[in-house]
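Straight from Swiss-Prot, the features:
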type	residues	note
ACT_SITE	Asp166	active site, proton acceptor
BINDING	Ile29, Gly30, Lys31, Gly32, Ser33, Phe34, Ala35, Thr36, Val37, Lys52	ATP binding site
COMPBIAS	338-347	compositional bias 'Basic and acidic residues'
COMPBIAS	356-372	compositional bias 'Basic and acidic residues'
COMPBIAS	386-398	compositional bias 'Polar residues'
COMPBIAS	429-439	compositional bias 'Basic and acidic residues'
COMPBIAS	459-475	compositional bias 'Polar residues'
COMPBIAS	553-573	compositional bias 'Polar residues'
COMPBIAS	793-806	compositional bias 'Polar residues'
COMPBIAS	933-952	compositional bias 'Low complexity'
DOMAIN	23-329	domain 'Protein kinase'
REGION	331-478	region 'Disordered'
REGION	510-573	region 'Disordered'
REGION	783-806	region 'Disordered'
REGION	920-952	region 'Disordered'
Amino acid sequence: MASTTTSTSSLSSRRQKTGVGSFTINEQIGKGSFATVYRGTHMPSGNLVAIKSVNLSRLNKKLKDNLYVEIEILKSLYHPHIVALIDCRESASHIHLMMEYCELGDLSYFIKKRDRLADNPTLYDMVQKYPMPVEGGLNQVVVRHFFKQLSSAMEFLRERDFVHRDVKPQNLLLIPSPEWIAKRAKGGPEAMKASKESVVAMVGINSLPMLKLADFGFARSLPSTSLAETLCGSPLYMAPEILRYEKYDARADLWSIGTVLYEMMTGRPPFKAINHVQLLQKIEKNQDEIRFPSRGIYSRDLKDIVRRLLKKKPEDRITFPEYFAHPVVTEPIPGLVGDDRPKEKSPETSIVRQPSLRDRQRESPTVKHIDTAYESLITRDIGEQSPRTPNIESNQPFGTPGRSSGRPDSRDRPSPVSAATAPNVDTLPRQRDRKDRTEPNYAPIVRTGSTKQRYDEQANLQPKNEVQSSNSITEAEQDVRDAREYVLVEKKAVEVNAFADEMAANPRLGRANSAPKQLPRRHTSMGEPNSTTGAVAVPPSRIVQRASGRAQPDTSSARNSYGSYGKTGSSPSTASAIAKALQGASVRVFGVSWSPTLIGKGPSPPQLYNPYPAYPTPNAGLIGDGRPIDEDQRVVNIIEDSATRSDVVYGFAEVKYRQLIPLAPSMNHGLGGPNPERTGDAMDEDDGLTVEAIVNLSEEALVLYVKSLSLLSKSMDIAGAWWSRKQRGGIVSGGHTPGSDSSSAAQAGNRINGAVQWVRTRFNEVLEKAELVRLKLVEAQKRLPEDHPGHPNNRSTASRLVGGSSTTDGVVLSSGITAEKLMYDRALEMSRTAAINELANEDLPGCEISYTTAIRMLEAVLENDEELIPRKRSSSLREDKEKSEGGEVNGINFGDRKDVLKVLQMIRTRLQVLKKKMTAIAKHQSMPPPSSSPRRSYSGGTTPTINNTPPK
């Protein structure tokens, strides 16, 4: 062992003193199967090179041929994103290749050390602008940058009919950014350049590191029509046809490119195995279903190209022309900040407009289709594609981030995100024209059709030579557009309330209701987690004031505004288990509680919020007889189910809301009055939260409120369609039906009316709280450091959206957060905790609450906003896959929906098992104790103790 060490040391020492031509060989920096790489110095200039030293004695004839092929290829290739060959020297025992020195190492090291990149001074600015995600791979801006440069190199190779055959992160080397190289302090050692153009990026961003493709040892000239059959490359990145020992062509490189892109996005290869046989089995078993980690945020267009590259059959893969023309390759990188953004703006302002979440046009005599005007509360910045960047497809099984700039079709967060939660790039509507994909740094702006037409006309008429003047009047135009859009938010609330008022005023429906025609709005904020009280009055926003068209009710009337409906639907004794579960979920699962002394006593104890009331089980006459009454009952069930799901989402949002906006001072001491030592507005109290934490909470609360609004809006849409049919048929408005049918129809009508009143009240409350959260988010974004990507100064005017503020500072969600991803993660967390407690036989009623709430959350995730009357789940999934692009519904692709369904079914199964267990326990406890015997007594089991054994 000692002799070996001495020999190695002396060899290294001799190597350091060895000169090869005008170069000296220094320390070793890498080692492969057949070659060792050293850092070298060009003696005349002192510049650094990488010297690849190959020991010829270790090579057979075929490997020598490969080496000479590599040399010939490198001599003919001059491209900024391909490592250049500077010189080549051959001796009797070695061949030395002097190549460009890439001081940042390879891409695999870059990915593994992403959390420490800021320690390198050449990368510090990059990390500050585009922070790396806590989990997963690289920031999506960096991913797109590297992918563009790799694609540029591959396109150069394809033009010359070369196939690399060993594309992998270890063969993708990095050098500092051109900007850094240009301003590097003189005097220190520099990397030797093959030419001036070798450090000028052809694509990408000048402030980010440059990527160079290296190691052409397995490369060869292979025209498109030719096939090879040599097993080459690294197994983890090999194409399946190579692993199968089949003939292959240049399309094998497409697979390797897809694996590299996947690893950049997620931090790990798409398939891992201990040998190539198992690797091939995994690829075959996967059936081209490429999954992305659920905790990551990935843009839709990036996921699209990965899935098109990673097809196990070469003929199914994207072609090279399609690959080079893909939006991720050709379009500007979204999410740039600071000086990375283009300096010149197009005279025509590019605006991505998000259409209504439901394009279906349904009209009733009373109310036309209720537009989702709350969409104007939020938008998604196409900025950075990191966990804290826009999509982003959220994925999140969600999830998800395409958009008009090639960014994730919001995208996200998640991803997953549904169109109902607008923030995620992967969830933005897919019906966008390719011509919109021109501006590299803007976010979708919610506009109505009329506003869109007016603004498009203005943009099209703008002269080309008015670039400067257009920038100077942008703010004024934004003010005008914002003023117009602000009315639309009120219009949404007005339509909701108008429809609810008409139903409440109907004589037949109103008989059973004691509520007034104009139900007063309930403006409350939910009690904080440790509060001893429930609903508290908060100042009403202008949105609700204008929408209602009247003065706001006082606190007492607001608190009891829904009490009559709760009594109409059912008495407290008829509350179902699900209603109790939903009410208890906010306490046990979401961590929100109220004083135990206020529960179970008094006619109407204060509550955190009005949970959706339960109804008595319908009688048997309403089930399955095929008459119109059956349809009424079905509509009732659908409306109530959707309202219940919205209630669960609302409860989750309230947790975020209470962390974000502290209670008024009077609430901190229950009903005992305010604390004289505490003063100030609750909106100004951050309760110790950092600015970034406030931004995060605001975004999460906002997307959850918007999801709740979408479910409430859907309930109202269904009720509106039912109301229109009934008015045409005269059933509710005064028509006569025989006997019990008339009674059943009236009962169904009353239940729908009650649901509509509840939805109206909740809608107004959620809309107001969403506005408060929006204001909080805008305020927090202004307080971020000026160099932070989320700061308003780092966003273009086109990416701003105003939803009711008097200023021009709009709301931009700068992260990939989606409601679906938040809900999915929360449901998993609750079900896992419940499963652990169930196995331990601890708190079984609490387990039932957790299971039930998780089920409702996952059902809300799967809710299809484009579908009024839901179909059966299996049919819905199948038809949704066929009709939607990429099999996506609300931004959640078909594969992710299947995953959610599997989890949902498992939780339902656990809930059924739990109920059986609880029933058995209750039955056992209700049994009378066994009668005592003078001769024998048992200790509760079937095995008698020694003292109880009868004498023989």
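Backbone N, Cα and C define each Cβ position, glycine as well.
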Packing count at Ile29 (ATP binding site) (other Cβ atoms within 10 Å of its Cβ): 16
Residue pair Ser33 (ATP binding site), Asp166 (active site, proton acceptor) - Cα distance, angstrom, rounded: 14
The residue listed as 'active site, proton acceptor' versus Lys31 (ATP binding site) - Cα distance in angstrom: 16
Rounded Cα separation (Å) that holds between Ile29 (ATP binding site) and Asp166 (active site, proton acceptor): 20
Cα separation, the residue listed as 'active site, proton acceptor' to Ala35 (ATP binding site) (Å, whole number): 16
Sparsest-packed of the listed recorded positions (Lys31, Val37, Asp166) - C-beta count within 10 angstroms: Lys31
Inter-residue Cα distance where the pair is Val37 (ATP binding site) and Asp166 (active site, proton acceptor), in Å: 18
Per DSSP, three-state class assigned to Ser33 (ATP binding site): coil
Binding residues Ile29, Gly30, Lys31, Gly32, Ser33, Phe34, Ala35, Thr36, Val37, Lys52 (ATP) - maximum C-alpha distance in whole Å: 15
Densest Cβ neighbourhood among Ser33, Ala35 (binding-site residues), 10 Å radius: Ala35
Integer mean pLDDT for the domain 'Protein kinase' (23-329): 87
Where Asp166 (active site, proton acceptor) falls in three-state DSSP terms: coil
